[in-house]
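Report on one structure; see the data block that follows.
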């Protein structure tokens, strides 16, 4: 039976939710506002919230000083590339774990998750040396590989929990209908899992887009994505808050817009399997 | 052709043996029903034949050739699942076409077979719909359509009607029987409903705990149940099983008498009081207490009987219809 919730209770819940949401959003809002201030206003004490001289100078300076679109393109290639490569590997893996589990499947899944608990700096030296020796340093391909490997456990876990919700009988029906493994995955499983694959894709693009540790350590001029573009505004000569904010706003804007339009899909993907 | 032979087939899951060594032959064109209570291994047996489960030992032969290691896609069998197992992202037309697409059938031939199956199954108006837009009965028809177009050596049905309501179930039962008459293809049908088994089968295989208890025609099983389990399982309402003095008078440990073989008479052999009386119009089922034979004796009388709860009745069993069983539960000659 549904619990009755009083109107007063609903109003309080809504207010609390708004306050939490604003608290979370405030730093982003502040960054965006700061990006329209002059450097002097950006560090003014007390800070001004809305009543300052709005200016687009920071954006023109940032665009003139560094190649935003070059970094943007690198971010797109690295995040989309690593996610698609990850999906190509993860779909058959998740299929195997969901539909023909072996005795060790659970352990393999846990082991994959455990790699996410390892601090990335722990494997920095070996990966750096390998990348140096095989000539992958400062290449987009190198970053695609490393980000794919880092996010692969999450991709497999998400797809695994999605696939587990698909009735096995439908795949058995495909087998009875004469489908081999390739046809079964291509014509039956993948189209049925499109919502799950889409939310996995979106979430991993966001994760890869925002990844800073590896993108900062393994790139220089050629393949640096937007994370490196932001970092370049924190220079030894001092912090330029307004320009840094403009760079940050330009870096997060594309992914924020994508996230906004796909939030329904994302939430569904993240909560899938929680309730049947 | 579709003769299916099981030779010493066994199936174990880990240490648990669910199918002990089992031999069975299903003849070409036969309608064979596997029936038994839940967990008796009937669905497992069907899945072994389909190739969806691997046998632990023995051999499965289809038309004489060993198919034990042949993958399901290559066995030439079609299966209809309890949950219909339609592809939700495809239209009815594409669902039916899928096995033909996998087999590389030409587009013209695909269309011809789809049209013909849709016509036979009353699906012509629904070909462009998705399974989610169909009723349970229509979905089951699509599943059957998908099986028909493959022109398989045999059809395997895994409790295909158990998700349908009672009225639809009767209709679909007739449709499947008619389909068998028309196609004359081997059909293996799994059900726990003995009415389905009795009405559809050429041959019934009664299973319990993975063992075959009896194989025979519906009437053979009805008239000559090999043991107490089959006697109790086949027939609705269930056969009355009576032990004690009444059985001893027939030199048996247990005697069985079907409800329809007990008559309500003026001065019968057995006396009792009516507990629940179920008036179906065509028949009356009486559940009679205090007979001194068994807790409740079920009696089936043709037509309406004006008996109510608490009425005293006098009953006469038809002696030529009494089944005798020994101490081990086996039928006595």
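Glycine is treated like the rest: Cβ placed from N, Cα and C.
According to TrEMBL, the feature domain 'ABC transmembrane type-1' maps to A:72-262.
Residues 49-50, 245, 248-249, 252, 256 of the same chain lie 6+ residues outside the transmembrane segment (A:12-33) yet bring a C-beta within less than 8 angstroms of a C-beta in it. The transmembrane segment annotation in TrEMBL covers A:12-33 (among others).
Long-range contacts of the transmembrane segment (A:72-96) within the same chain: residues 140, 143-148, 151-152, 155-156, 159-160, 162-163, 185, 189-190, 197, 200-201, 204-206, 208-209, 215, 219, 223-227, 251, 254, each at least 6 residues beyond the stretch ends and with a Cβ under 8 Å from a Cβ of the stretch. Marked as transmembrane segment by TrEMBL: A:72-96 (among others).
Look at TrEMBL and you will find A:108-131 (among others) tagged as transmembrane segment. Same-chain residues lying 6 or more positions outside the transmembrane segment (A:108-131) and placing a CB less than 8 Å from one of its CB atoms are 97, 137, 142, 146, 150, 152-154, 156-157, 160, 213-214, 217-218.
Residues or ranges marked as transmembrane segment by TrEMBL: A:143-163 (among others). Non-local neighbours of the transmembrane segment (A:143-163) in the same chain are 77-79, 81-83, 85-87, 89-91, 93-95, 97-99, 109, 112-113, 115-116, 120, 127, 131, 136, 189, 193, 195-197, 199-200, 203-204, 207-208, 211, 214-215, 218-219, 223, 225, 269, 272-273; each lies 6+ residues outside the stretch with a CB under 8 Å from one of its CB atoms.
Feature annotation from TrEMBL assigns transmembrane segment to A:184-207 (among others).
Residues or ranges marked as transmembrane segment in TrEMBL: A:213-233 (among others). Long-range Cβ contacts of the transmembrane segment (A:213-233) within its own chain (Cβ-Cβ under 8 Å, at least 6 residues beyond either end) map to 62, 66, 68, 71-72, 74-75, 78-79, 120-121, 124, 127-128, 131, 136-140, 142-143, 146-147, 150, 239-240, 243-244, 247-248, 250-251.
Sequence annotations record features per position, and here TrEMBL assigns transmembrane segment to A:240-261 (among others).
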